[in-house]
Amino acid sequence: MNMTQHKSGLRWLWLAVLAFVLDQASKLAVVKLLPFGYPGVEITPFFNLVHVYNKGAAFSFLADQGGWQRWFFAVLAFAICGLLIHWLRKQSVTQRWSGIAYSLIIGGALGNVFDRLVLGHVVDFLDFYWQRAHWPAFNLADSFIFIGAAMIVLDGLSGEKKQDATS
């Protein structure tokens with residue numbers, strides 16, 4: 001069934017654009033206000049704002065490689081975004097949960113891929129910790145990707161329960 005953009009899930013792409021803009025604006029603020037490698041600004045007893053670079057993926061995975069990972073992660077991000085846009089096009093605009101989830105992932109992925117292609121690294125700045133144990137620093141794009149992925153998992157789990165209830 002072909003739907004117009006108005007009736008398809010593509011209408012949710014405004015959220016991807018918003019996520020991308022918020023991510024890039026926050027990274028620009030960090031780059032302008034915090035020197036790279038600065039120890040950070042303590043916001044709470046468990047949260048700092050820092051300015052670090054990540055040439056790898058989550059948790060700096062593959063960061064110490066020769067640079068090929070920059071292009072690998074960019075191609076992977078574009079492929080995933082293409083798939084999610086295809087799924088949005090196929091679904092109804094009334095499928096809010098998945099529309100929001102896919103759009104958050106798209107916006108976050110494009111925010112990080114922009115950094116990779118333009119800067120050669122991703123800017124991370126959110127540093128959560130407990131005593132001396134620090135979670136790897138991350139950014140808003142990572143948060144949007146995580147929230148979108150969690151929404152997809154929750155949707156899948158609730159779908160299984162709905163099917164079990166009707167069996």
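Each Cβ is built from the backbone N, Cα and C atoms, and glycine gets one as well.
Listed in TrEMBL for this protein:
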type: TRANSMEM; residues: 71-88; note: transmembrane segment
type: TRANSMEM; residues: 100-123; note: transmembrane segment
type: ACT_SITE; residues: Asp124; note: active site
type: TRANSMEM; residues: 135-154; note: transmembrane segment
type: ACT_SITE; residues: Asp142; note: active site
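Applying an 8 A CB threshold to same-chain residues 6+ apart, the list for Asp124 (active site) reads Val50, Val52, Tyr53, Asn54, Pro136, Ala137, Phe138, Asn139, Asp142.
For Asp142 (active site), the count of additional Cβ atoms within 10 Å of its Cβ stands at 22 [all protein chains shown].
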